[in-house]
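Asks: Sharing the features that Swiss-Prot gives for it:
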| type | residues | note |
| --- | --- | --- |
| BINDING | HIS31, HIS79, ASP165, HIS169 | Mn(2+) binding site |
| BINDING | HIS31, HIS79, ASP165, HIS169 | Fe(3+) binding site |
Amino acid sequence: MVSFKRYELPPLPYNYNALEPYIIEEIMKLHHQKHHNTYVKGANAALEKIEKHLKGEIQIDVRAVMRDFSFNYAGHIMHTIFWPNMAPPGKGGGTPGGRVADLIEKQFGGFEKFKALFSAAAKTVEGVGWGVLAFDPLTEELRILQVEKHNVLMTAGLVPILVIDVWEHAYYLQYKNDRGSYVENWWNVVNWDDVEKRLEQALNNAKPLYLLPQ
């Protein structure tokens with residue numbers, strides 16, 4: 001038997017207009033229903049080709065199909081983190097608490113310094129991609145990353161806990177080519193409760209995956 005499970009588009013945890021005025025409804029609808037859904041369909045299409053190849057029904061260009069899967073799967077995962085990483089104004093925004101705040105203070109010298117560095121990373125991603133705050137299970141520290149496309153420069157082992165999409169489809173209808181203003185306004189909808197939960201999960205579960213049994 002040859003069979004792979006398929007991916008599904010997750011629902012948003014809020015209405016499409018919930019992040020206004022910082023991200024308008026039109027962007028959210030297009031981004032979720034069209035762009036994210038395209039990555040789900042792309043990942044599933046790659047899996048279907050691999051299934052048919054294994055069954056002997058077709059021959060595939062393995063390299064091309066694997067590249068398609070990597071790109072689309074990563075796009076699906078990044079967006080699946082991105083949506084709950086945000087919350088409507090009043091629930092989102094402000095500053096973090098808990099372990100996230102402690103690590104930011106210890107590593108970056110305070111929230112404002114962290115925010116400035118993360119913002120600079122997101123604003124200067126070459127081409128299209130993501131700004132990422134990830135947990136390093138080996139050192140139990142936070143890392144700021146620039147990810148190009150969805151899967152280029154993503155470092156194996158690091159666990160994303162906060163991401164911002166800086167592909168043009170995430171902001172162009174509202175901010176045109178002003179990525180910087182989009183990034184600055186995005187901080188008003190960051191869901192720090194979600195980030196804290198992701199950090200706790202990573203602290204509890206990620207480290208054993210990358211260390212040899214004692």
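Even glycines carry a Cβ here, placed using N, Cα and C.
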Asks: Can you see whether DSSP assigns HIS79 (Mn(2+) binding site) to helix, strand or coil?
Replies: helix
Asks: Would you please pick out, from the binding-site residues HIS31, HIS79, HIS169, the one with the fewest other Cβ atoms within 10 Å of its Cβ?
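Replies: Output over binding-site residues HIS31, HIS79, HIS169: least Cβ neighbours within 10 Å is HIS169.
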Asks: By a simple count, how many Cβ atoms lie within 10 Å of the Cβ of ASP165 (Mn(2+) binding site), its own Cβ left out?
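Replies: Neighbour count, Cβ to Cβ under the 10 Å cut-off: 26.
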Asks: DSSP three-state call for ASP165 (Mn(2+) binding site): helix, strand or coil?
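Replies: In three-state terms, ASP165 (Mn(2+) binding site) counts as strand.
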